[in-house]
Amino acid sequence: MKTLYSLRRFYPVETLFNGTLALAGRDQETTGFAWWAGNARLINLSGKLLGAHVAHAGLIVFWAGAMNLFEVAHFVPEKPMYEQGLILLPHLATLGWGVGPGGEVIDTFPYFVSGVLHLISSAVLGFGGIYHALLGPETLEESFPFFGYVWKDRNKMTTILGIHLILLGIGAFLLVFKALYFGGVYDTWAPGGGDVRKITNLTLSPSVIFGYLLKSPFGGEGWIVSVDDLEDIVGGHVWLGSICILGGIWHILTKPFAWARRALVWSGEAYLSYSLGALSVFGFIACCFVWFNNTAYPSEFYGPTGPEASQAQAFTFLVRDQRLGANIGSAQGPTGLGKYLMRSPTGEVIFGGETMRFWDLRAPWLEPLRGPNGLDLSRLKKDIQPWQERRSAEYMTHAPLGSLNSVGGVATEINAVNYVSPRSWLATSHFVLGFFLFVGHLWHAGRARAAAAGFEKGIDRDFEPVLFMTPLN
(Lines of atoms letter the chains of each structure in order from A and count residues from 1; the text may use other names and numbers.)
(Lines give C-alpha, C1' and ligand atoms only; values in the text may rest on other atoms or scores of the structure.)
Protein backbone atom coordinates (compact mmCIF):
# COMPACT_ATOMS: atom_id res chain seq x y z
CA MET A 1 0.00 0.00 0.00
CA LYS A 2 1.48 3.32 -0.97
CA THR A 3 1.67 5.94 1.74
CA LEU A 4 1.01 9.40 0.44
CA TYR A 5 3.50 11.17 2.70
CA SER A 6 7.07 10.24 3.38
CA LEU A 7 7.12 8.84 6.88
CA ARG A 8 9.78 11.25 8.07
CA ARG A 9 7.70 14.29 7.20
CA PHE A 10 4.29 12.97 8.11
CA TYR A 11 4.97 11.79 11.66
CA PRO A 12 6.26 14.12 14.37
CA VAL A 13 9.25 12.58 16.09
CA GLU A 14 9.61 12.38 19.84
CA THR A 15 13.40 12.54 20.21
CA LEU A 16 14.77 10.42 23.03
CA PHE A 17 18.15 10.56 24.76
CA ASN A 18 18.92 7.08 23.44
CA GLY A 19 17.58 7.47 19.94
CA THR A 20 19.83 4.64 18.77
CA LEU A 21 17.97 1.94 20.70
CA ALA A 22 16.61 -0.70 18.32
CA LEU A 23 13.93 -3.22 19.30
CA ALA A 24 12.81 -6.05 17.01
CA GLY A 25 14.82 -4.53 14.20
CA ARG A 26 12.97 -1.23 14.45
CA ASP A 27 14.71 1.96 15.46
CA GLN A 28 13.62 5.53 15.79
CA GLU A 29 15.71 6.76 12.90
CA THR A 30 13.95 4.68 10.24
CA THR A 31 10.41 4.60 11.65
CA GLY A 32 10.05 8.07 13.18
CA PHE A 33 8.77 6.51 16.40
CA ALA A 34 10.46 5.63 19.67
CA TRP A 35 10.36 2.09 21.09
CA TRP A 36 7.54 2.85 23.52
CA ALA A 37 5.07 4.05 20.86
CA GLY A 38 4.08 0.47 20.12
CA ASN A 39 0.79 1.21 18.39
CA ALA A 40 2.64 3.31 15.83
CA ARG A 41 3.67 0.04 14.15
CA LEU A 42 0.06 -0.44 13.09
CA ILE A 43 -0.70 2.99 11.61
CA ASN A 44 -0.52 1.77 8.02
CA LEU A 45 -1.32 -1.90 8.68
CA SER A 46 -5.11 -1.87 8.59
CA GLY A 47 -5.40 -5.64 9.12
CA LYS A 48 -3.22 -5.66 12.23
CA LEU A 49 -4.95 -2.54 13.55
CA LEU A 50 -8.29 -4.33 13.12
CA GLY A 51 -6.88 -7.19 15.20
CA ALA A 52 -5.81 -4.80 17.96
CA HIS A 53 -9.25 -3.18 18.07
CA VAL A 54 -11.17 -6.47 18.06
CA ALA A 55 -8.90 -7.90 20.77
CA HIS A 56 -9.41 -4.75 22.83
CA ALA A 57 -13.19 -5.13 22.46
CA GLY A 58 -12.76 -8.72 23.63
CA LEU A 59 -10.93 -7.57 26.78
CA ILE A 60 -13.67 -5.04 27.52
CA VAL A 61 -16.47 -7.57 27.08
CA PHE A 62 -14.52 -10.18 29.06
CA TRP A 63 -14.24 -7.75 31.97
CA ALA A 64 -17.98 -7.06 31.76
CA GLY A 65 -18.88 -10.75 31.81
CA ALA A 66 -16.38 -11.80 34.48
CA MET A 67 -17.18 -8.86 36.77
CA ASN A 68 -20.90 -9.48 36.23
CA LEU A 69 -20.56 -13.11 37.38
CA PHE A 70 -18.32 -12.04 40.27
CA GLU A 71 -21.02 -9.64 41.48
CA VAL A 72 -23.72 -12.32 41.10
CA ALA A 73 -21.61 -14.79 43.10
CA HIS A 74 -21.12 -12.28 45.92
CA PHE A 75 -24.63 -10.81 45.89
CA VAL A 76 -26.63 -10.98 49.13
CA PRO A 77 -30.33 -10.35 48.38
CA GLU A 78 -31.04 -9.16 51.93
CA LYS A 79 -28.72 -6.16 51.63
CA PRO A 80 -29.15 -3.21 49.27
CA MET A 81 -26.92 -3.31 46.19
CA TYR A 82 -25.18 -0.08 47.11
CA GLU A 83 -23.96 -1.60 50.39
CA GLN A 84 -22.20 -4.39 48.50
CA GLY A 85 -19.95 -2.36 46.23
CA LEU A 86 -21.80 -3.44 43.10
CA ILE A 87 -21.54 -1.36 39.92
CA LEU A 88 -22.85 -3.73 37.21
CA LEU A 89 -25.92 -5.30 38.84
CA PRO A 90 -27.41 -1.84 39.51
CA HIS A 91 -27.27 -1.16 35.76
CA LEU A 92 -29.06 -4.44 34.99
CA ALA A 93 -31.63 -3.78 37.71
CA THR A 94 -32.26 -0.28 36.35
CA LEU A 95 -33.10 -1.89 33.00
CA GLY A 96 -35.84 -3.81 34.79
CA TRP A 97 -34.22 -7.24 34.99
CA GLY A 98 -34.71 -9.30 38.12
CA VAL A 99 -36.39 -6.64 40.26
CA GLY A 100 -39.89 -5.94 41.55
CA PRO A 101 -41.69 -3.28 43.60
CA GLY A 102 -39.43 -1.04 45.67
CA GLY A 103 -36.37 -2.25 43.78
CA GLU A 104 -36.35 -5.60 45.59
CA VAL A 105 -34.36 -8.26 43.73
CA ILE A 106 -36.68 -11.20 43.07
CA ASP A 107 -34.57 -13.17 40.56
CA THR A 108 -30.81 -13.19 39.98
CA PHE A 109 -30.95 -15.54 36.99
CA PRO A 110 -31.11 -12.70 34.39
CA TYR A 111 -27.87 -11.34 35.90
CA PHE A 112 -26.22 -14.75 35.50
CA VAL A 113 -27.40 -14.95 31.88
CA SER A 114 -25.97 -11.49 31.18
CA GLY A 115 -22.57 -12.50 32.56
CA VAL A 116 -22.43 -15.73 30.56
CA LEU A 117 -23.50 -14.02 27.32
CA HIS A 118 -20.75 -11.44 27.75
CA LEU A 119 -18.15 -14.15 28.46
CA ILE A 120 -19.14 -16.11 25.35
CA SER A 121 -19.08 -12.93 23.24
CA SER A 122 -15.64 -12.07 24.58
CA ALA A 123 -14.33 -15.46 23.45
CA VAL A 124 -15.54 -14.80 19.91
CA LEU A 125 -13.99 -11.32 19.93
CA GLY A 126 -10.78 -12.63 21.46
CA PHE A 127 -10.44 -15.25 18.72
CA GLY A 128 -11.10 -12.61 16.05
CA GLY A 129 -8.54 -10.29 17.61
CA ILE A 130 -5.84 -12.96 17.73
CA TYR A 131 -6.67 -14.09 14.19
CA HIS A 132 -6.36 -10.61 12.70
CA ALA A 133 -3.31 -9.71 14.79
CA LEU A 134 -1.33 -12.88 13.92
CA LEU A 135 -2.83 -14.76 10.96
CA GLY A 136 -4.97 -12.42 8.88
CA PRO A 137 -3.69 -10.12 6.12
CA GLU A 138 -1.49 -7.25 7.32
CA THR A 139 -3.43 -4.80 5.19
CA LEU A 140 -7.05 -5.05 4.07
CA GLU A 141 -6.89 -2.73 1.06
CA GLU A 142 -5.90 -5.41 -1.47
CA SER A 143 -8.10 -8.33 -0.40
CA PHE A 144 -11.07 -6.54 1.17
CA PRO A 145 -11.26 -3.04 -0.31
CA PHE A 146 -14.53 -2.28 1.49
CA PHE A 147 -12.76 -2.65 4.83
CA GLY A 148 -9.52 -1.03 3.68
CA TYR A 149 -8.73 2.66 4.00
CA VAL A 150 -6.07 5.32 3.72
CA TRP A 151 -6.13 7.84 6.58
CA LYS A 152 -6.05 10.75 4.13
CA ASP A 153 -9.06 9.48 2.15
CA ARG A 154 -11.63 11.95 3.44
CA ASN A 155 -14.60 10.28 1.77
CA LYS A 156 -13.74 6.87 3.24
CA MET A 157 -13.21 8.39 6.69
CA THR A 158 -16.65 10.01 6.74
CA THR A 159 -18.15 6.71 5.52
CA ILE A 160 -16.56 4.96 8.51
CA LEU A 161 -17.87 7.77 10.74
CA GLY A 162 -21.35 7.18 9.30
CA ILE A 163 -21.23 3.46 10.05
CA HIS A 164 -20.22 4.20 13.65
CA LEU A 165 -23.06 6.71 14.04
CA ILE A 166 -25.61 4.17 12.79
CA LEU A 167 -24.34 1.61 15.31
CA LEU A 168 -24.64 4.18 18.12
CA GLY A 169 -28.17 5.01 16.97
CA ILE A 170 -29.14 1.34 17.07
CA GLY A 171 -27.72 1.20 20.60
CA ALA A 172 -29.93 4.11 21.67
CA PHE A 173 -32.97 2.35 20.19
CA LEU A 174 -32.18 -0.83 22.14
CA LEU A 175 -33.07 1.08 25.32
CA VAL A 176 -36.24 2.39 23.67
CA PHE A 177 -37.34 -1.14 22.69
CA LYS A 178 -36.55 -2.49 26.17
CA ALA A 179 -38.63 0.27 27.77
CA LEU A 180 -41.51 0.01 25.28
CA TYR A 181 -41.84 -3.68 24.43
CA PHE A 182 -39.51 -5.96 26.39
CA GLY A 183 -40.73 -5.76 29.97
CA GLY A 184 -40.12 -2.08 30.63
CA VAL A 185 -37.50 -0.49 32.88
CA TYR A 186 -37.30 0.36 36.58
CA ASP A 187 -39.06 3.61 37.43
CA THR A 188 -38.07 4.99 40.82
CA TRP A 189 -41.04 7.40 40.61
CA ALA A 190 -43.71 4.69 40.38
CA PRO A 191 -46.29 5.21 43.17
CA GLY A 192 -45.49 3.65 46.53
CA GLY A 193 -41.73 3.54 46.09
CA GLY A 194 -40.69 2.41 42.61
CA ASP A 195 -41.48 -0.48 40.26
CA VAL A 196 -40.76 -1.89 36.81
CA ARG A 197 -43.12 -0.52 34.17
CA LYS A 198 -43.40 -0.14 30.43
CA ILE A 199 -42.83 3.43 29.25
CA THR A 200 -45.64 4.00 26.77
CA ASN A 201 -46.31 7.74 26.68
CA LEU A 202 -42.94 8.90 25.31
CA THR A 203 -41.97 12.57 25.33
CA LEU A 204 -41.23 13.37 21.69
CA SER A 205 -41.80 17.13 21.80
CA PRO A 206 -38.59 18.75 20.50
CA SER A 207 -39.13 21.81 22.71
CA VAL A 208 -39.02 19.58 25.80
CA ILE A 209 -36.17 17.31 24.70
CA PHE A 210 -33.91 20.06 23.33
CA GLY A 211 -35.02 22.42 26.10
CA TYR A 212 -32.78 20.37 28.41
CA LEU A 213 -29.77 21.35 26.30
CA LEU A 214 -30.62 25.04 26.67
CA LYS A 215 -30.91 24.93 30.47
CA SER A 216 -28.23 26.44 32.67
CA PRO A 217 -25.87 23.79 34.12
CA PHE A 218 -26.18 25.26 37.62
CA GLY A 219 -28.41 24.41 40.60
CA GLY A 220 -32.15 24.42 40.05
CA GLU A 221 -31.61 24.08 36.29
CA GLY A 222 -29.04 21.33 35.92
CA TRP A 223 -28.86 21.06 32.09
CA ILE A 224 -29.60 17.52 30.81
CA VAL A 225 -28.66 16.06 34.19
CA SER A 226 -31.91 17.50 35.61
CA VAL A 227 -34.09 15.00 33.70
CA ASP A 228 -36.42 13.40 36.23
CA ASP A 229 -38.91 11.24 34.39
CA LEU A 230 -38.44 8.17 32.24
CA GLU A 231 -40.75 9.42 29.49
CA ASP A 232 -38.22 12.18 28.79
CA ILE A 233 -35.23 9.82 29.04
CA VAL A 234 -36.68 7.25 26.64
CA GLY A 235 -38.05 9.96 24.33
CA GLY A 236 -34.59 11.53 24.32
CA HIS A 237 -33.17 8.18 23.19
CA VAL A 238 -35.68 8.13 20.31
CA TRP A 239 -34.45 11.56 19.22
CA LEU A 240 -30.79 10.71 19.74
CA GLY A 241 -31.06 7.36 17.98
CA SER A 242 -32.85 8.95 15.03
CA ILE A 243 -30.30 11.76 14.74
CA CYS A 244 -27.40 9.29 14.91
CA ILE A 245 -28.88 6.99 12.26
CA LEU A 246 -29.85 9.83 9.90
CA GLY A 247 -26.47 11.49 10.45
CA GLY A 248 -24.77 8.18 9.74
CA ILE A 249 -26.65 7.76 6.45
CA TRP A 250 -25.77 11.37 5.57
CA HIS A 251 -22.06 10.81 6.20
CA ILE A 252 -22.04 7.56 4.20
CA LEU A 253 -23.71 9.17 1.18
CA THR A 254 -21.88 12.51 1.11
CA LYS A 255 -18.31 13.74 0.84
CA PRO A 256 -16.93 16.35 3.26
CA PHE A 257 -17.63 19.94 2.22
CA ALA A 258 -14.75 22.25 1.34
CA TRP A 259 -14.88 24.09 4.68
CA ALA A 260 -14.57 20.78 6.55
CA ARG A 261 -11.69 19.63 4.35
CA ARG A 262 -9.86 22.85 5.15
CA ALA A 263 -10.75 23.13 8.84
CA LEU A 264 -9.95 19.60 10.01
CA VAL A 265 -6.70 17.66 10.10
CA TRP A 266 -7.06 14.39 8.17
CA SER A 267 -4.63 11.89 9.70
CA GLY A 268 -4.83 8.85 11.94
CA GLU A 269 -3.52 10.76 14.94
CA ALA A 270 -6.05 13.55 14.35
CA TYR A 271 -8.91 11.03 14.39
CA LEU A 272 -7.48 9.56 17.58
CA SER A 273 -7.51 13.01 19.17
CA TYR A 274 -11.12 13.66 18.08
CA SER A 275 -12.18 10.33 19.57
CA LEU A 276 -10.39 10.97 22.86
CA GLY A 277 -12.04 14.40 23.07
CA ALA A 278 -15.48 12.86 22.56
CA LEU A 279 -14.85 10.16 25.16
CA SER A 280 -13.68 12.83 27.59
CA VAL A 281 -16.97 14.70 27.21
CA PHE A 282 -18.86 11.42 27.76
CA GLY A 283 -16.86 10.80 30.93
CA PHE A 284 -17.59 14.21 32.43
CA ILE A 285 -21.31 13.98 31.58
CA ALA A 286 -21.53 10.45 33.04
CA CYS A 287 -19.82 11.72 36.20
CA CYS A 288 -22.45 14.43 36.69
CA PHE A 289 -25.31 12.08 35.83
CA VAL A 290 -24.41 9.34 38.30
CA TRP A 291 -23.63 11.85 41.05
CA PHE A 292 -26.75 14.03 40.82
CA ASN A 293 -29.45 12.10 38.97
CA ASN A 294 -31.64 9.67 40.91
CA THR A 295 -33.96 8.82 37.99
CA ALA A 296 -31.50 7.40 35.46
CA TYR A 297 -29.52 6.03 38.43
CA PRO A 298 -32.19 5.04 40.98
CA SER A 299 -31.20 5.42 44.63
CA GLU A 300 -32.63 1.96 45.38
CA PHE A 301 -29.64 0.47 43.53
CA TYR A 302 -26.91 3.13 43.59
CA GLY A 303 -27.62 4.59 47.01
CA PRO A 304 -28.84 8.14 47.65
CA THR A 305 -27.26 11.19 46.05
CA GLY A 306 -25.40 13.56 48.38
CA PRO A 307 -28.27 16.06 48.54
CA GLU A 308 -30.71 13.17 49.00
CA ALA A 309 -28.86 11.75 52.02
CA SER A 310 -28.69 15.21 53.57
CA GLN A 311 -32.39 15.92 53.08
CA ALA A 312 -33.19 12.41 54.34
CA GLN A 313 -31.39 13.21 57.58
CA ALA A 314 -33.41 16.40 58.07
CA PHE A 315 -36.62 14.49 57.32
CA THR A 316 -35.74 11.64 59.70
CA PHE A 317 -35.18 13.98 62.65
CA LEU A 318 -38.25 16.03 61.76
CA VAL A 319 -40.29 12.80 62.04
CA ARG A 320 -38.63 11.83 65.33
CA ASP A 321 -39.02 15.22 67.01
CA GLN A 322 -42.59 15.65 65.77
CA ARG A 323 -43.44 12.34 67.46
CA LEU A 324 -41.81 13.67 70.63
CA GLY A 325 -44.09 16.69 70.57
CA ALA A 326 -42.09 19.35 68.71
CA ASN A 327 -44.07 21.88 66.72
CA ILE A 328 -42.18 21.55 63.43
CA GLY A 329 -43.90 24.59 61.93
CA SER A 330 -42.60 27.11 64.45
CA ALA A 331 -39.52 25.65 66.21
CA GLN A 332 -36.48 27.94 65.90
CA GLY A 333 -32.97 26.67 65.30
CA PRO A 334 -29.76 28.10 66.79
CA THR A 335 -29.46 30.73 64.04
CA GLY A 336 -32.97 32.09 64.47
CA LEU A 337 -34.11 30.44 61.25
CA GLY A 338 -36.63 27.60 61.38
CA LYS A 339 -35.18 24.48 62.99
CA TYR A 340 -37.10 22.01 60.83
CA LEU A 341 -38.70 24.15 58.13
CA MET A 342 -37.81 27.49 56.56
CA ARG A 343 -38.28 29.32 53.28
CA SER A 344 -36.07 29.16 50.21
CA PRO A 345 -34.93 32.35 48.43
CA THR A 346 -37.95 32.02 46.15
CA GLY A 347 -40.45 31.42 48.94
CA GLU A 348 -40.95 27.66 48.98
CA VAL A 349 -41.13 25.87 52.31
CA ILE A 350 -37.96 23.76 52.62
CA PHE A 351 -36.08 21.78 55.26
CA GLY A 352 -34.16 23.96 57.71
CA GLY A 353 -30.65 23.56 59.01
CA GLU A 354 -27.53 22.85 57.01
CA THR A 355 -29.47 20.87 54.40
CA MET A 356 -31.04 24.15 53.20
CA ARG A 357 -28.34 24.25 50.53
CA PHE A 358 -29.92 21.14 48.96
CA TRP A 359 -33.42 22.59 48.91
CA ASP A 360 -33.97 21.85 45.22
CA LEU A 361 -33.55 18.09 45.68
CA ARG A 362 -36.34 16.02 44.13
CA ALA A 363 -36.73 12.45 45.35
CA PRO A 364 -39.63 9.98 45.08
CA TRP A 365 -39.90 9.48 48.85
CA LEU A 366 -40.22 13.24 49.45
CA GLU A 367 -42.32 14.60 46.57
CA PRO A 368 -45.69 13.31 47.91
CA LEU A 369 -45.24 15.67 50.88
CA ARG A 370 -44.94 18.79 48.74
CA GLY A 371 -47.75 21.17 47.90
CA PRO A 372 -47.89 24.13 45.53
CA ASN A 373 -45.60 26.18 47.83
CA GLY A 374 -42.99 23.61 48.75
CA LEU A 375 -43.26 21.21 51.69
CA ASP A 376 -46.85 21.11 52.92
CA LEU A 377 -47.13 21.47 56.70
CA SER A 378 -50.43 19.60 56.97
CA ARG A 379 -49.05 16.68 54.95
CA LEU A 380 -45.92 16.58 57.12
CA LYS A 381 -48.19 16.41 60.19
CA LYS A 382 -50.70 13.83 58.90
CA ASP A 383 -49.57 12.06 55.72
CA ILE A 384 -46.05 10.67 56.27
CA GLN A 385 -46.08 6.96 55.33
CA PRO A 386 -43.95 4.27 57.00
CA TRP A 387 -42.13 3.49 53.72
CA GLN A 388 -41.03 7.12 53.48
CA GLU A 389 -39.63 7.03 57.02
CA ARG A 390 -37.85 3.73 56.40
CA ARG A 391 -36.32 4.87 53.15
CA SER A 392 -35.12 8.23 54.47
CA ALA A 393 -33.57 6.60 57.56
CA GLU A 394 -31.78 4.14 55.27
CA TYR A 395 -30.53 6.90 52.95
CA MET A 396 -29.47 9.09 55.88
CA THR A 397 -27.00 6.40 56.99
CA HIS A 398 -25.71 5.72 53.47
CA ALA A 399 -24.48 9.10 52.27
CA PRO A 400 -22.21 8.86 49.20
CA LEU A 401 -19.11 9.90 51.11
CA GLY A 402 -16.07 7.83 51.79
CA SER A 403 -12.43 7.26 51.08
CA LEU A 404 -10.40 4.53 49.40
CA ASN A 405 -10.09 2.55 52.63
CA SER A 406 -13.87 2.11 52.60
CA VAL A 407 -14.61 4.05 55.77
CA GLY A 408 -17.70 5.56 54.24
CA GLY A 409 -20.80 7.30 55.44
CA VAL A 410 -21.00 10.42 57.57
CA ALA A 411 -18.26 10.61 60.19
CA THR A 412 -20.68 11.73 62.92
CA GLU A 413 -23.32 9.08 62.19
CA ILE A 414 -23.15 6.21 64.70
CA ASN A 415 -25.44 3.93 62.70
CA ALA A 416 -23.62 4.30 59.38
CA VAL A 417 -22.18 1.35 57.52
CA ASN A 418 -18.53 1.30 56.48
CA TYR A 419 -18.93 1.37 52.75
CA VAL A 420 -18.22 3.52 49.72
CA SER A 421 -21.26 4.31 47.63
CA PRO A 422 -21.26 3.15 43.99
CA ARG A 423 -22.10 6.77 43.20
CA SER A 424 -18.75 7.79 44.70
CA TRP A 425 -16.88 5.12 42.75
CA LEU A 426 -18.61 5.76 39.44
CA ALA A 427 -18.53 9.56 39.64
CA THR A 428 -14.88 9.69 40.72
CA SER A 429 -13.67 7.11 38.20
CA HIS A 430 -15.49 8.76 35.31
CA PHE A 431 -14.20 12.19 36.28
CA VAL A 432 -10.61 10.95 36.51
CA LEU A 433 -10.84 8.95 33.27
CA GLY A 434 -12.54 11.87 31.54
CA PHE A 435 -9.71 14.13 32.65
CA PHE A 436 -6.99 11.77 31.41
CA LEU A 437 -8.80 11.33 28.11
CA PHE A 438 -8.91 15.11 27.77
CA VAL A 439 -5.16 15.34 28.36
CA GLY A 440 -4.69 12.62 25.73
CA HIS A 441 -6.90 14.60 23.37
CA LEU A 442 -4.73 17.70 23.79
CA TRP A 443 -1.53 15.69 23.39
CA HIS A 444 -2.54 13.91 20.19
CA ALA A 445 -4.24 17.00 18.75
CA GLY A 446 -1.03 18.97 19.22
CA ARG A 447 1.07 16.27 17.55
CA ALA A 448 -1.40 15.86 14.68
CA ARG A 449 -1.52 19.61 14.02
CA ALA A 450 2.26 19.86 14.17
CA ALA A 451 2.63 17.01 11.69
CA ALA A 452 0.08 18.58 9.35
CA ALA A 453 1.93 21.89 9.53
CA GLY A 454 5.13 20.09 8.64
CA PHE A 455 7.27 20.65 11.71
CA GLU A 456 8.41 18.45 14.57
CA LYS A 457 7.61 19.17 18.18
CA GLY A 458 10.34 18.89 20.77
CA ILE A 459 13.77 20.22 21.68
CA ASP A 460 16.88 19.27 19.77
CA ARG A 461 18.53 17.14 22.46
CA ASP A 462 22.04 17.97 21.21
CA PHE A 463 21.66 21.55 22.39
CA GLU A 464 19.42 21.02 25.39
CA PRO A 465 20.33 23.58 28.11
CA VAL A 466 20.63 20.97 30.84
CA LEU A 467 23.61 19.40 29.05
CA PHE A 468 25.64 22.57 29.66
CA MET A 469 24.80 23.02 33.35
CA THR A 470 27.03 22.05 36.29
CA PRO A 471 26.10 18.61 37.70
CA LEU A 472 24.13 18.84 40.96
CA ASN A 473 26.65 16.70 42.85
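First residue shown is number 1, and so on along the chain.
Using N, Cα and C of the backbone, Cβ positions are placed for all residues, glycine too.
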Swiss-Prot annotation of transmembrane segment - which of the ranges 134-155, 354-375, 398-419 it falls on: 134-155
Among ranges 19-43, 69-93, whichever one Swiss-Prot labels transmembrane segment: 69-93
Transmembrane segment per Swiss-Prot - which of 45-65, 255-275, 423-443: 255-275
Segment assigned the feature transmembrane segment in Swiss-Prot (from 109-131, 178-200, 224-246): 178-200
Proximity of the transmembrane segment (134-155) to the transmembrane segment (255-275), 3+ C-beta pairs under 8 angstroms: yes
Residues from the same chain, set at least six apart from the ends of the transmembrane segment (255-275), whose C-beta lies under 8 A from its own: 10, 43, 151-152, 154-155, 157-158, 440-445, 447-449, 451-452
